[in-house]
Amino acid sequence: MYTLARQLLFKLSPETSHELSIDLIGAGGRLGLNRLLAPRPASLPVSVLGLEFPNPVGLAAGLDKNGDAIDGFGQLGFGFIEIGTVTPRPQPGNPKPRLFRLPQASAIINRMGFNNHGVDHLLARVRAAKYRGVLGINIGKNFDTPVERAVDDYLTCLDKVYADASYVTVNVSSPNTPGLRSLQFGDSLKQLLEALRQRQEDLALRHGRRVPLAIKIAPDMSDEETALVAAALVEAGMDAVIATNTTLGREGVEGLPHGDEAGGLSGAPVREKSTHTVKVLAGELGGRLPIIAAGGITEGAHAAEKIAAGASLVQIYSGFIYKGPALIREAVDAIAALPRRN
């Protein structure tokens with residue numbers, strides 16, 4: 001069924017197809033039809049971040065930016081869902097066209113630029129949803145907020161989403177917001193993490209529960225830079241790291257139509273780079289922080305590869321676009337077949 005739907009959707013522009021898919025998945029969720037789209041994955045419970053996941057395969061942020069189809073995605077068998085990236089104020093994102101398919105490489109290039117309806121809209125959608133599984137909310141800064149004041153945007157979003165999130169992801173690694181990736185380094189990272197940690201403690205006292213914080217990083221750092229980030233996360237008391245966001249590299253798409261478009265590359269070509277980052281993090285962290293792996297999972301074996309590299313959970317996005325909900329069960333089955341899970 002999904003193969004036919006994909007053929008029809010791929011006749012549309014990528015962004016139109018994306019918007020229509022969100023509408024259809026949302027409608028299917030309201031009608032309870034999405035459970036029919038693919039066999040449910042086997043139960044493979046895992047406890048991470050003090051949360052109980054029915055399986056370790058989640059939806060990565062970016063697909064449902066505004067939380068418009070939470071119930072729909074919740075019926076597809078994901079072990080958890082991450083929505084966003086959301087910013088304090090609504091913003092249109094970058095000029096179109098800004099989303100490109102590279103089907104020959106099972107890849108996508110995007111330069112969306114955090115287009116979203118703002119945190120208040122997202123929260124209204126979260127509160128209207130019936131989904132009661134693990135829900136991550138991914139937060140970012142507005143385009144027109146200077147990088148030196150980015151912490152204000154992150155704290156604003158954290159304040160607002162805290163009560164409704166199972167965990168919160170801080171996105172400092174999108175390549176499509178100028179200057180954002182500079183927050184991954186040095187004093188900028190240290191100051192951001194310190195502010196987030198202090199606000200997390202304040203909010204935990206206010207709300208009577210501690211919501212974990214995850215930091216999402218890029219795949220384009222050197223091993224030394226990744227090691228420094230890992231040390232900073234441990235020192236600041238962060239709860240998890242998501243590895244990785246999209247890459248600025250173009251290995252694997254050279255010469256393909258749209259292969260030279262500006263933006264972040266996701267899908268199969270980023271897989272090895274992302275998995276390498278997971279391995280470096282695992283070596284540096286030594287189990288002190290769980291790793292959520294994302295990047296290039298287009299087959300079940302790729303999800304198992306991430307777990308074997310040291311991740312506790314995985315997320316899919318581009319692979320879901322190309323393979324549909326069947327990839328969820330395929331990934332869960334492949335992870336279940338590992339001789340030992342981390």
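Note that Cβ sites are derived from N, Cα and C of the backbone, with glycine treated the same way.
The feature active site, nucleophile is assigned by Swiss-Prot to S174, with sequence analysis given as support. In the three-state DSSP scheme, S174 (active site, nucleophile) is classed as coil.
In this structure, A61 (FMN binding site) belongs to neither helix nor strand by DSSP; it is coil. Among the features that Swiss-Prot reports, FMN binding site is placed at A61, G62, L63, D64, K65, T85, N138, N171, K216, T244, G267, G296, Y317, S318, with the record citing sequence analysis.
Sequence-distant neighbours of K65 (FMN binding site) (same chain, six or more apart, CB under 8 Å from its CB) are I83, G84, T85, V86, N115, N116, listed in sequence order. For K65, N110, R111, M112, G113, F114, N171, N176, N245, T246, the entry in Swiss-Prot reads substrate binding site, with the evidence type sequence analysis.
In the three-state DSSP reading, K216 (FMN binding site) counts as strand. Fewest other C-beta atoms within 10 angstroms, among the binding-site residues A61, L63, are seen around L63.
Put plainly, the binding-site residues R111, K216 were compared by Cβ crowding within 10 Å, and the winner is K216.
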